Amino acid sequence: MAAAAPGPASKHTFSSLLKQKSAKTSPPRSRGTMAISMRDVDPAFQGAGQKDGLEIWRIEKLQAVPVPRESHGKFFAGDSYIILKTTARKNGSFQHDIHYWLGKDTSQDESGTAAIKTVELDVALGGRGVQYREVQGNETEKFLSYFKPCIIPEEGGIASGFRHTEINEREHVTRLFVCRGKHTVHVKEVPFARSSLNHDDIFILDTKSKIFQFNGSNSSIQERAKALEVVQYLKDTNHEGKCDVAAVEDGKLMADADAGEFWGLFGGFAPLPRKTFSEPNGKDTAFPPKLLWVNKGQTVSVDCEVLTKALLDSTKCYLLDCGSEIYVWMGRETALEDRKQAGLAAEELLREGDRPKSHIIRLMEGFETVIFRSKFNKWPKKAEAVVSDESRGKVAALLKRQGFNVKAVAKSAPVKEEPLPQIDCTGNLQVWRVNDSEKTFLSFSEQCKFYSGDCYIFQYSYPGDDGEECLVGTWFGKKSIEEERAAATSLANKMVESLKFQAVLVRLYEGKEPIEFFPIFQNLVIFKGGASTGYKKFVSENGIQDDSYSENGVALFRVQGSGPDNMQAIQVDAVAPSLNSSYCYILHDGDTVFTWIGNLSSSMDQELAERQLDVIKPNLQSRMLKEGSEYDQFWKILGIKSEYSSQKIARDPESDAHLFCCTFLKGVLKVREIFNFTQDDMMTEDIFILDCHSCVFIWVGQNVDTKIRAQALSIGEKFLELDIPMENLSRETPLYVINEGSEPQFFTRFFTWDSAKTAMHGNSFERRLSILKDGIKPRRDKPKRRTTTSSHTGRSSVPDKSQRRSTSFSPDRVRVRGRSPAFNALAATFENSNARNLSTPPPVARKSFSKSSSPDPVKPPQRAASIAAMSASFERPRQTLIPKSIKERVLR
């Protein structure tokens, strides 16, 4: 039975109900004023939407009645429901998605009440929610994602008087279900007959002792794998997890025992017809969007050649008819009555057009979805609103006076802390500079000195959860040339290929580095200009002045970082506007060196500036200048004294992650968002994009075609170019290409991850069938993944790891440094006889991987002597060296 707008000819009943509600609750209003009172809201919604999770109400006698949590996911065909999904976002706010679900046998009064109550619930939430109309059998993927793996509505309902029978209260009845969907599964019960079967779909036959899955020959592997999740659900729900499971392939005859048993239940095997009846899906992809204004319940067409946001008036409600869905856009200054009338007009439009399966999506001005905004030409991009503490307090006080529980609203915005890098920093680092189409290996002393005009390739191997992991990356300076960028990309791809795709590939641009990048280098200096042959040739041929860094010239460096193991000095223009009160700077003019301390900088910033002098000017004294107490000579070097910023340079924030399944054909990228995603949503046959705004991950399944695999980085670049999430993505956003089985921790943290699943062989269906029958075997036998030193260099870039990890220590420096966190960690490792360096393999691993570049650990006595000698140098009293000119001024 096709899902339809429920009930007979009851339009009059729904309209009467709406008018009665409006007459009782809506006060008069003047134009341009939002006339909505909390008195219009059903008390059942008091306190709703104040915590992450699901809340469900069923319409009983035209009232919204809460559904107990243990009954969430149970729906009855004779009822109507309201479902609220509240999602806590990273910025401290809540996202509200409201759905009203209409069973195929629900009455018109109940469905109308559900529609009205949904608007009231949105009012209770401040008008911030997006409302969806869901019809049984044609639910949205977002709705189905709340109840994974599926929903299977039961017969019955409150109004009909049918008894809601629990599964375990009745004897098992053999039932046949059809499953459709690659990412979310629509499940529908069909008659238990051969005529229900076809070649295009997947069917599940649930008998008393065994569950069969029949895979139509035209169904995809991904669809078959998803259907197995429904099999697991039926096994757990109907059989308490105790029954046999069998997969039957379309076309296999009686030779297969399970196939023979399956066809025997249908009276014996007989071929299925090639062409089968296909149910209409209610979607018209060629339907041009049409904008309608709702005026007193009637629709008026808005004439326009191109849809623009300027057509939408904040005092009005509109319908945007897109065929497969109708959007109801409600201006922020509209009354509750207008919003309800707009919803009624959308329902009427579906009835008149005989489009029962089309979705209705209602949204408030300012809270439009990405898909809605994409229907308009150049929808204005806006910055995400930040809720202040004062605003939170005012909203909380207002709601409290109206009787609402405001504990969640009244909480102050969460304190933003600097995220910690999700990568081990005790690994081996190798760096190459790109010269034309070749790469040149950099020595240990040069690998942490970059130029803005150059491109670099780095390979970093480090201890991971399941063995040693590897990161291969390209870094493009702001002034680097396109030819060397292309060469760097090609060379890095070859390196990943030589590592059998077990390395993660990352593409980075200067100024857009992720938090995992800097701790790898620990102490990084970025100079102006370039040292590559390509850059120098470009400058010479184009008559451009070469501003490459010179030790004897004028240079200004901004110092930043979080500690001695994560600090950077970045050369900026040597002018006053380059200064910033939140940072410390190093300025030198030949042998004259100044350290400028911003008034808003921390003691750690000052310590980092002092340490960076060891790299930039290791044998010269620096004069320390507090902001506001500069010498004339300082300003003379920088030129004219002028205003400068005091705000810390903001890093692109990490937003809530979104997962997309991708298809890339002839340069055209198509994506489909996976809502409420889990690891199981990523199929080994597909490519997925995980977008968290600050960086984008491209995950490539093991069974992806080789030609498509080679285009993974291009897919990510296309994603950034199109800005599919419409969140102002930069074209220079970091891109990671991650192959299945080599997922790093900074990727898996977005999931509840089980590495044993990615270690399995076979396609998605074969893997899940194995899990269903045998369970998941722990990943115990897999050898730890070791990445040997690249053959491109023939040697390790780090001859002595203990030396490399103490980059802030320099024996040639006059000033004596305090212990760095890295040194303290190293000392603790040496002093603990049972501990070992994380990057040093255990004896078994060393034996298995004898060619590993990791050196054998020093013997305990030698360790003790080494640490004692180094500790003694750190324990000496720290001397403060004051320039003579400053001493004389102090003595006066």
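Glycine is treated like the rest: Cβ placed from N, Cα and C.
Unlike curated entries, TrEMBL annotations are predicted automatically.
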The annotated region 'Disordered' range in TrEMBL, which must be one of 1-40, 401-440: 1-40
Listed range which TrEMBL flags as region 'Disordered', given the options 67-125, 185-243, 834-892: 834-892
Per Cβ pairs under 8 Å, the stretch of 64-144, 184-251, 676-747 packing most closely against the domain 'Gelsolin-like' (301-369): 64-144
Reported mean pLDDT - the domain 'Gelsolin-like' (64-144): 93
